[in-house]
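In TrEMBL this protein carries:
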- Asp73: active site, proton acceptor (ACT_SITE)
- Ser8, Asn9, Asn10, Lys11, Lys12, Lys13, Ser74, Phe156, Gly157, Tyr158, Asp159, Lys179, His184, Arg185: substrate binding site (BINDING)
- Asp73: Mg(2+) binding site (BINDING)
- 156-186: region 'Disordered' (REGION)
Amino acid sequence: MVKLLVASNNKKKLGELERILADAGIEGVELLPLSAVPAYDEPVEDGRTFADNALIKARAGVANTGIATIADDSGIAVEELNGMPGVLSARWSGQHGDDQANNELLLAQMADVPDERRQAAFVSVCALVTPDGAEHVAEGRWPGMLLRAPKGENGFGYDPLFQPEGEQRSSAQMSPEEKNAVSHRGRALAQLTSAIAKLA
């Protein structure tokens, strides 16, 4: 059983990756959260792009543990805001990881924007770095629009505000299985399954 460090303690991200690997028929890979390895200083995510930050986290995982590491950086890009919050999505309100505050601020900033200009996309870049120095990067985009009020209880982050293209529901009203099949992280991770399979 080969180990793969997931550079996150977010149980929902870990579960999403587990389901995607299972759906791809990949066996023999044990996913480890950060809590399963000796603690190391989290790297500063000072990249200007999602790819920069994903690579910073994946490289730090390999450097500190010697274990192949997968990391992602993701967020929401709103066209009307020139692609912001973007890499600042998790700390848009100034508080890292405060989903409610981030959502409230984004809704306030978009309050006067008409429906036809509320296009947005969830973007995820996943990076896989192995101890031999190989690096694989994949980007997934999930286009849609920004709602005017939160809807749904599933998911996390900006899910309650995001209505995917072709959907009448928010991504927080979709089941995890439905979301994995089409989501930005699912699309990015799916591109890395062949590289992950080679580890096993």
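Using N, Cα and C of the backbone, Cβ positions are placed for all residues, glycine too.
Predicted automatically and left uncurated, TrEMBL annotations should be read as such.
A 10 Å radius around the C-alpha of the residue listed as 'active site, proton acceptor' takes in none of the binding-site residues listed as Asn10, Lys12, Gly157, Asp159, His184. For the binding-site residues Lys12, His184, the largest tally of other C-beta atoms within 10 A is found at His184. For the recorded site, Asn10 (substrate binding site), the DSSP three-state label reads coil. The Cβ of Ser8 (substrate binding site) has 18 other Cβ atoms within 10 Å, all protein chains considered.
Residue with the densest Cβ environment among the recorded positions Asp73, Asp159: Asp73, by other Cβ atoms within 10 Å.
Counting only residues at least six positions away in the same chain, the Cβ atoms of Phe50, Ser89, Phe122, Val123, Ser124, Val125, His184, Arg185 sit under 8 Å from the Cβ of Ser74 (substrate binding site). Per-class residue totals from DSSP over the region 'Disordered' (156-186), listed helix then strand then coil: 16 helix, 3 strand, 12 coil.
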